[in-house]
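Report on the following structure.
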Amino acid sequence: TSPPNVTCPKSIVTTTNPSKATATVTWEEATADDNVFVSTVSIRTPPFIRKPPYAFPIKVTKVVYEAYDSSNHSSTCSFTVTVLDKEPPKVLYCPDNIEVYHPHKTWIPVHWKEPEFWDNSGQLSAFINNRKSGDGFSWGEASTVFYNVSDPSGNQASCVFTVKVKLYPCKPFPVPANGIVTCDDWQEGRICSVFCVDGYTFASKKKIPSTYECVSKGANESIWAPFLSKNPKFKFPPPDCMRRQKRNSVNASYHLDYKVDTCDPVLLKKMKEEFIKTLKNFFVAKVICPTAVCKPGRVNVTCTQPRHKVKRSLDPQNAVLTVELNVEIYADKDEQLTESTSEVPHFGENQTEWTDHLPREIEFFATEKVREVYKVDSIKSPEIHYQIDWICSLGQIKSNNSCVDCPPGTFKDDLTDACVDCPFATYQDKGKSFSCLPCPRGYATYETRSKSLSDCKAPCQPGTYSRTTFEPCHLCPMNMYQEHSGRKDCLKCPNDFLTWRIGTNSSKECAAPCKPGTYSDTGLEPCHLCDFGFYQNSSQQKACEVCPLGTTTKNKGSTAMEQCEKINPCEVLHPCSNVSTCIPLDRSYTCACPFGVFGKHCEHSIDFCESNSCVNGGTCVTALDSYKCLCPVGFLGLNCEVNINDCMKNPCFNNGECVDLINDYKCVCQPGYTGSRCEVNIFDCSSDSCQNGGTCFDKENGYRCCCPEGYVGRNCERERNPCDEVSCENGGTCTSNTTEYECICKTGFEGEHCEVTKDECLNYDCFNNGSCTSKHNHPICECYEGFTGAHCEEVIVPEYVLGFPTPTTSNYVKLENTRLLYAITISFFMRTDLIAPERRPTVLSYSHFDKDRQQLIDNALTLFDINKIVLYLHGEMLHTGYVAN
């Protein structure tokens, strides 16, 4: 017999699992078919792969399947699994930027901890760096140090940091926005000066020092402090420089006291209402502030009585009425201050408006209202007090006789009238703000005065850590983990357990290493025993070593190569069952199973009944190499698939239709029959079936009534009418008595039932070869040419004279012709008095009906225009040149 036909799956290309040097691949196992029986299909090479899924390494692996049939014939097929590594190495440790302090401009060695890298493949094939720890560096600009690594697949990672040798330990002096920083040369940049560009000033009400020096705060720690200053509370760095603006508005407070004789609350309320009403009208009409832009603010009207009664006072006005008013006055424009501009704001042409004109106007209309409300003719001039306060726009502070915006990174605090730094975990990217924006939930900033959302750093996620607990973060090293976010370090695995990757975020990933003789795809528990023909003498391994060619092991879980022996596994192990044949291979064996048995060791028998082949309730019984179906009554066939036709013997009578059932049948009877086999004729006569003395006779599916004379109908229900039994044709009308009938025919018909068409031309003569036709039931003679009359008895004279009074379409003679016209001859005499050339009357016009097109063709033949006769025939025109006159 021929070997089995084996079909393998298609080749597979995939990438490694995250942080692993393998890719777990699942595939559809190979299938085989054979003309006898396929006993086993298994993987031949690589020998360490038994079945899917399997963790394939980073390379191209060829998988070969081999199939055996029951006759021990074999054949193979193969496919490849390509695992690509596209995961770059990870940086476990990279030094921060290094600053070294040395008092002299000489080369000094700088040391650092070497960067650490990790790759999922377990190998780093290239390691390139431009400097190494212990190299010499000199004072000056920062030097860039880089370490580049690659894995065998060409994926790369880098560690980059800078090394700077400085003569002083302070950090570089930050340059404020819109500002300039200059540092000295003679102290090697130890002393620096800061100032704002023209038109800008520091956003602070306090005086900002202009010169700073780097002073020591301890061992290897120094800070910037104001030069020769002993103020430890100074907050470094200086604020940003913001635009200086002229003071563009003032707040004028006015206080007027009047002596009145009473503090009556009714009068006080009326005074307040009238004062506010008049104040609004005066401001709208610009009686007050005619040149500057101003608006009233807080208005307060109060009255106080003396605490003690004044004895025999000559002045009855003892109470004091107080009117208080605030007015905000705005300058014409918001102008930036520079070295060449004045700090004095511009309030229109009258600069003293708010100190001279405005107080007089307020005193005038306030005094008038007091006189009006308190009903006095005269009143003493009030005591008037006023106070002028400069004010700035919202979000600004007063600084050096100018207004300054609060810069980004700060907010305006109205209580202290100062720009306050945004606290930790907040930022502000706009100026003139009254609050700071919070960082996203869980995020924070490294310092205060943050100006951008990018300053908000995410907390380190589980599996990572950093010194600040925020980005940038480092992955937890091997054998350590971190389950929480925002942590400064990682935890060691308990019980000396290990991790299989860096960045472990759960203690559950800590596990014991695989012992010798076992393996797993991570090298950690849970582990598998090395199979026959394999061994492993080390712990924490991801695969087992294969025995030398021609050797194998007696047991699984071998721990040394010495356990690989030259033995015949078939003789030692006797692994094959069910009378199968054991075939030794290089390092293992295979079992050739007999028909009906399968499995690696031929340990399984084929259950032929597993496919449920028996239908219709049949019972499956397994035979040696097949199955048998025990069919219930009514069925037969290999799988009981045939329903026995119980209608084969035609059991139904009287044309009944037989319907086959399971082990039974059903008869569908014709009308008039019943019974299980339609053998019973239903008796259809009843006591009232036939009326008027009729006799009932039973029939198949009905009955028949024999009616007495004079009655008709299915049930003898009607008296006999002769017209019911006849039909007058062609619209004729039937009339009858009890025994006879008569058809009254319409015109043109005759006969007993009006069935004969009457010939109107039968006794009607047409002379001179005329022909008779019937039209509307009347005879008509169609005369031959030259004759006319009802019977064509008159001769027509061929010559005749026509006279028309005017050449218009209303003057014409019409002749009908029913015959086809094949040729025409026109002969006529014509005389006309018409001399107008623009008139073109028609002499003759012939029309006919085209049956093919079902269309009337008008003017098919026409003679017209007596000035020069024109012939028109079927759309074509011919000028004859003949003139009628």
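Note that Cβ sites are derived from N, Cα and C of the backbone, with glycine treated the same way.
Going by TrEMBL, these are the annotated features:
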type	residues	note
DOMAIN	1-83	domain 'HYR'
DOMAIN	84-167	domain 'HYR'
DOMAIN	566-603	domain 'EGF-like'
DISULFID	Cys593-Cys602	disulfide bond
DOMAIN	605-641	domain 'EGF-like'
DISULFID	Cys631-Cys640	disulfide bond
DOMAIN	643-679	domain 'EGF-like'
DISULFID	Cys669-Cys678	disulfide bond
DOMAIN	681-717	domain 'EGF-like'
DISULFID	Cys707-Cys716	disulfide bond
DOMAIN	719-755	domain 'EGF-like'
DISULFID	Cys745-Cys754	disulfide bond
DOMAIN	757-793	domain 'EGF-like'
DISULFID	Cys783-Cys792	disulfide bond
Query raised in the report: Taking the Cα atoms as reference points, how far is Cys707 (disulfide bond) from Cys745 (disulfide bond) in Å?
Result: 32
Query raised in the report: Looking only at residues six or more beyond either end of the domain 'EGF-like' (757-793), which have a C-beta under 8 A from one in the stretch?
Result: 730, 747-750, 818
Query raised in the report: What same-chain residues, at least 6 away in sequence, bring their CB to under 8 Å of the CB of Cys669 (disulfide bond)?
Result: Cys652, Asn654, Gly656, Gly675, Cys678
Report task. Using DSSP, break the domain 'EGF-like' (719-755) down into helix, strand and coil residues and give each count. Result -> 4 helix, 11 strand, 22 coil
Requested in this report: Fill in the CA-CA distance, Cys640 (disulfide bond) to Cys593 (disulfide bond), as an integer in Å.
Outcome: 31
Query - Cα separation, Cys745 (disulfide bond) to Cys602 (disulfide bond) (Å, whole number) - result: 104
Query raised in the report: What number of additional C-beta atoms lies within 10 angstroms of the C-beta atom of Cys745 (disulfide bond)?
Result: 21
Query raised in the report: For the domain 'EGF-like' (566-603), what are the DSSP-based totals of helix, strand and coil residues?
Result: 5 helix, 10 strand, 23 coil
Query - Composition by DSSP (helix, strand, coil) of residues within the domain 'EGF-like' (757-793) - result: 0 helix, 13 strand, 24 coil
Report task. Just name the winner among Cys593, Cys602, Cys631, Cys640, Cys678 (the disulfide-bonded residues) by count of other CB atoms within 10 A of its CB. Result -> Cys593
Report task. Have a look at the disulfide-bonded residues Cys631, Cys716, Cys754 and say which one has the shortest Cα distance to Cys783 (disulfide bond). Result -> Cys754
**Report entry** Spatial neighbours of Cys716 (disulfide bond) that are distant in sequence (at least 6 apart) but have CB under 8 A
**Finding:** Cys690, Gln691, Asn692, Gly693, Gly694, Cys705, Cys707, Pro708
